[in-house]
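S.K.: Structure in structure tokens, see below.
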Ligand code: HEM
Ligand SMILES: [Cu+2]
């Protein structure tokens, strides 16, 4: 692909200054920056909560926190990490990079874009407010059901459940607004000559993410609305006495929940091949096949949801169907892995921080996928369901596959966004500390799960002590290592070696044709893609 | 897609409306939570918070859309921007479809799976021996969260009274709005205004009949929100639909007023079309309701 850039860089920046700039902005770069900063802050908040959990689990017996509070920490940690760290980070990249990558002047619906972001802080307030209210004797703290809101526990739970329901509503509106923006931007704002099959992979990843969000987030909204009316207005959706069924909640929740795990990862699958090709200095392998695989995974992801509750009691044909369909997802996923590896195969690789994260990501996310296959086996899952094995599985997919993928993206694009190089030594140190302590945190949890330790319980039998202690110590290191990440980002934003336009020797794509940092309004004249 | 540059895209100026709108939503949500949790101190202030939040939300929607209309009249929206709105509206309606799908899903699940299952247990062991599981059902009754709950005695809503009339009303309104659209395309302002006016009247009639039906259900049929599976799905589905009809009617009124002011031209009228699409969507959802909630 080659480009003729006709972008004229007018430097005029017509926006209010100070705080008003951020409250009112309609600029995709400003909004992207806010998303990314919000995600980083919430990542640290959600991380601190789980440090407390790991401290409690350091030894058997009850040490630090009340069991109720322990339950609240676990659920809020997960909700924060999923909805307020990983998803906003991906949306932040979409805002920053999609218009630059497809040669658009901005996102298609800029004011809606601003609203999409500003729904997030109120949601964060709603989710965490019950902790503070409880200090004043109002209510009994935040949601204590885990992130899955299962009825009947959530029907009986305290005021924290109501707050979480409305937090989810605001997050849902935000996601839908963000998705509408992405879809419209991709369909309507591409530079002349950029056909769909010439789009950067990141745009494909996000397009499918946006479709999945539009199809499933409203179902979650419906489910928690039913929960709300069951709690306060006497409906019987999840109550057998009225003809309802608590298991119906699980169906509704996971109809959203399983696609959600792909929503969290598809954006990463989009930009990761771009990072790999950059540092392997070799074109991406199998572009078309990757696009088809992304579509296949997106489509399959909405028909496999019941694998999250095999043990709840289902007819055998249903078990078989959900088992085989789940396993079928691993086929397109394996194709993607093949393409990623083939992209770097015999490339002239160099290992700057983004590449370290990218290669580490392939391996660690691979472990996540393989352990998922184990869980997809109905007979095996009868043993592993609701144990630490599941916890370890989804941290390999979500922390390694999601967060570490996002970290690769941060290091990759930070020089473009700030105009400065980050500290490479510190970045590498961050990678190694993260990768090692991550494995030391979660490998023991596989063994704990195999040995039968249940998840979401603050105390455990003595035989689990050693592994838990190792896991806790490693988790503290993992948490501390993220301070390096924050420090590196802040100092990179403040200054440092000037970044070139190209930044990385092998980087390809429209975003690298612009200066670093790009002007406030880029591509007001669209480039023509040949 | 065009192969040459499409000119300048309109990026609106910085705006504070979205931020204030979100703040209003936060206040309304918190107020709602306080107002429904009677055990919580500060419970009485909840309703006022809720109203305050709602006021802010309405004001912001009014100002925001007012600004959009002004921008449209100011000639800022050309074909390129227009396309964005079209794609955006389609995606939004798709998300609304998914929202209703959740409630239809609940209806089918209860009707096909959970209610029959509750009636199908081994009589030796079930507490629901006398429960037959026929639809419509309010469930077998029993203990609900510590309180004794007995199956509500209710008469289901018949399909061929008000619901059938309402079906006719909505189908007709779909036709009148299309007729208005033809008028707009032919630049016949009177046909446009007349068609929209009729659509609004039909929308209001629908809402009035629906309100009467609810009154009837509560006072004469014993059919309430608390009436188990049937009551829950009946009121949640028709309630959310009625809410959408109300929104749609308000949107139609705005479009009617704009048409009377001379807004819209045969080439440039996304505002009209967006509302018309929305109205058709509401119409289609109603057909689903008529068939699965009232009729079958
Ligand atoms: C080949 C791929 C995968 C398969 C076959 C698979 C299968 C499964 C199964 C069967 C479970 C339920 C285990 C149980 O609760 O007993 C599960 C849990 C989970 N998986 Fe996966 N998975 C795969 C990939 C992923 C990916 C890519 C993600 C995230 C991005 C993910 C995130 C999760 C999460 C969050 C849970 C736990 C949810 C909870 O109970 O809170 N999985 N997986
Ligand atoms: Cu799943």
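Glycine too: its Cβ is placed from the backbone N, Cα and C atoms.
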S.K.: Kindly point out the range from A:292-310, A:501-519 that TrEMBL annotates with transmembrane segment.
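M.R.: Comparing A:292-310, A:501-519 with TrEMBL, transmembrane segment matches A:292-310.
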S.K.: Please indicate, using numbers and ranges, the residues of the same chain that are 6 or more beyond the transmembrane segment (A:426-447) and have a C-beta under 8 Å from a C-beta there.
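M.R.: Cβ under 8 Å, 6 or more out: 352-353, 356-357, 360, 364, 371, 388-389, 391-392, 395-396, 399-400, 404, 407, 411, 467-468, 470-471, 473-475, 477-478, 481-482, 484-485, 487-488.
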S.K.: Please work out the mean pLDDT for the residues of the domain 'Cytochrome oxidase subunit I profile' (A:22-530).
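M.R.: That region's mean pLDDT is 96.
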S.K.: May I ask whether the transmembrane segment (A:201-228) has at least three C-beta pairs under 8 Å with the transmembrane segment (A:31-53), counting pairs 6 or more apart in sequence?
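M.R.: These two stretches do not touch.
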S.K.: Honestly, do the transmembrane segment (A:73-96) and the transmembrane segment (A:248-271) touch, with at least three Cβ pairs under 8 Å and pairs 6 or more apart in sequence?
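M.R.: Stretch pair touches.
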S.K.: What stretch, picked from A:117-143, A:201-228, A:248-271, A:322-343, has the most CB pairs under 8 A with the transmembrane segment (A:396-414)?
M.R.: A:248-271
S.K.: Before we move on, state whether the transmembrane segment (A:355-376) and the transmembrane segment (A:322-343) share at least 3 Cβ pairs under 8 Å, counting only pairs 6 or more apart in sequence.
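M.R.: Yes, the transmembrane segment (A:355-376) contacts the transmembrane segment (A:322-343).
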